Amino acid sequence: MIIMALNCGSSSVKYQLFDWDKKVVVAKGMVERVIVGDSYIVHEVPGRDNYKLEQDCPDHRAAIDLVIRTVTDRECGVLQSVAEISAVGHRVVHGGEKFTCSVRIDDDVLNAVKDVQHLAPLHNPPNIEGIEAARALMPAIPHVAIFDTAFHQTMPEHAFLYPVPYDWYENHGVRRYGFHGTSHLYVSKRAAMLLGKPAEQCNIITMHIGNGVSHCAIKGGVSVDTTMGLTPLEGAVMGTRSGDIDPAIPAFMMQKENLSAKEIDSVLNKKSGILGITGRYTDRRDVIEHAAKGDHRCQLALDIEAYRLKKYIGAYMAAIGKLDAVVFTAGVGEMGAAIREKAIEGLEHIGIHLDRERNAGAMTRKRESLITTDDSPVKVYVIPTDEELVFTEDVVAILNGTYTDHMQFEYSFAKPDFVRT
């Protein structure tokens, strides 16, 4: 059984083909610069040289058509025909309150996703375009939607509601939704496995740190709070996003610099965070390198990021009670030993005893690592995320009629005999 995972961004289409029977990725890749011009595909097959082809893709349909032609190409492909694909899983960033789990896509589901696209105007429209294009190009194949927000639909009202006029929530859906749900789900299940306890008996803080950053408080195996809010802008310091700031700052700066609402939104989403502080960098490797050379603003960016990480660990520990583990994941979380160290050093009083040697050695995206001492009351793990595996398992279970929701479904990666491929 071959499952295709699609992730359609504003100017890109990521894809992966997973052989469910053999439990291996058979191909993956990305079409970049969709719509904007000079588009190209990079196609990766294990054991082969990467394949790159430049081809104009004026829209997502053209990009997905290029993906299909590439994966079925006689020379660089891995399939004889698109009919070998059993189903397609689509990442959808925002499902609003309607979608609490992954669902098979029909016209009603697609219309419901369109109804909430105003909540994610940068992300849902390309997701929708990708779904429409893929359904048109592969009409005989089942399509499934996997929502970034679904994992967080277990949050209680006191965690997801903002202290603003209640009719904003009733009339416009203004509340905390949270994102990166599939990543938080995967690493929390793996952490429970490493702890040797059922997920429903674990209290875990998961820290997804890439260019986008979100943290999640998981109590008894379910999300009870998360840092991102109505949009992915709230919360931790990110590569280009500000995260938490005084809500009065946008209006203040709009007046001071005569900025429109659209312009201030762009500044907070695309010109703030690590980039805003350093003035030059979003890649933490560049920031760490130049901080070591004495660049004050790079050092300041690292200090601010680590300080905010530490604050959220403390806040979420207070919210969920006795803490079993903290998990770092995603690009920076998995590879940024220096940032991890700054975030968790000095937390011995709350039961976190960092092993600096272990932390320094956990610089790979292929291995799960414990970075605290053996006797640390709270364990800290580095766990490479695998959102595509969550996509695949949800799709297969929906096809087989065995899927209920992410809380009750027994994922293969939550079992003792799981081996990461």
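Placement of Cβ uses the backbone N, Cα and C atoms for every residue, glycine included.
As written in Swiss-Prot, here are the features:
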- Asn7, Glu387: Mg(2+) binding site (BINDING)
- Lys14, His208, Ile209, Gly210, Asn211, Gly212, Asp283, Arg284, Arg285: ATP binding site (BINDING)
- Arg91: substrate binding site (BINDING)
- His180: site 'Transition state stabilizer' (SITE)
- Arg241: site 'Transition state stabilizer' (SITE)
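Sequence-distant neighbours of Asp283 (ATP binding site) (same chain, 6+ residues apart, CB-CB distance under 8 A): Gly239. Close to Ile209 (ATP binding site) in the fold, though at least 6 residues off in sequence, lie Ala236, Leu309, Phe328, Thr329, Ala330, Gly331, Val332, Gly333, Gly336, Ile339, each with a CB less than 8 Å from its CB.
Here the binding residues for ATP are Lys14, His208, Ile209, Gly210, Asn211, Gly212, Asp283, Arg284, Arg285. Their largest Cα to Cα distance works out to 24 Å. Neighbour list (Arg241 (site 'Transition state stabilizer'), Cβ cut-off 8 Å, at least 6 residues apart, same chain): Gly212, Val213, Pro232, Leu233, Leu268, Asn269, Lys270, Ser272, Gly273. The CA atom of Lys14 (ATP binding site) is located 5 Å away from the CA atom of Asn7 (Mg(2+) binding site).
Annotation note: His180 (site 'Transition state stabilizer') sits in a coil segment as assigned by DSSP. Annotation note: Lys14 (ATP binding site) sits in a strand segment as assigned by DSSP.
Of the listed recorded positions, namely Lys14, Arg91, His180, Arg285, the sparsest CB environment within 10 A is found at Arg285.
Across the fold, the C-alpha of Asn7 (Mg(2+) binding site) and the C-alpha of His180 (site 'Transition state stabilizer') stand 13 Å from each other. With all protein chains in the displayed structure included, the most crowded Cβ environment within 10 Å among the binding-site residues Asn7, Asn211 is that of Asn7. Close to Glu387 (Mg(2+) binding site), meaning Cα to Cα within 10 A, are the following recorded positions out of His180, Asn211, Arg285: His180. When the Cα atoms are compared, Asn211 (ATP binding site) and His180 (site 'Transition state stabilizer') turn out to be 12 Å apart.
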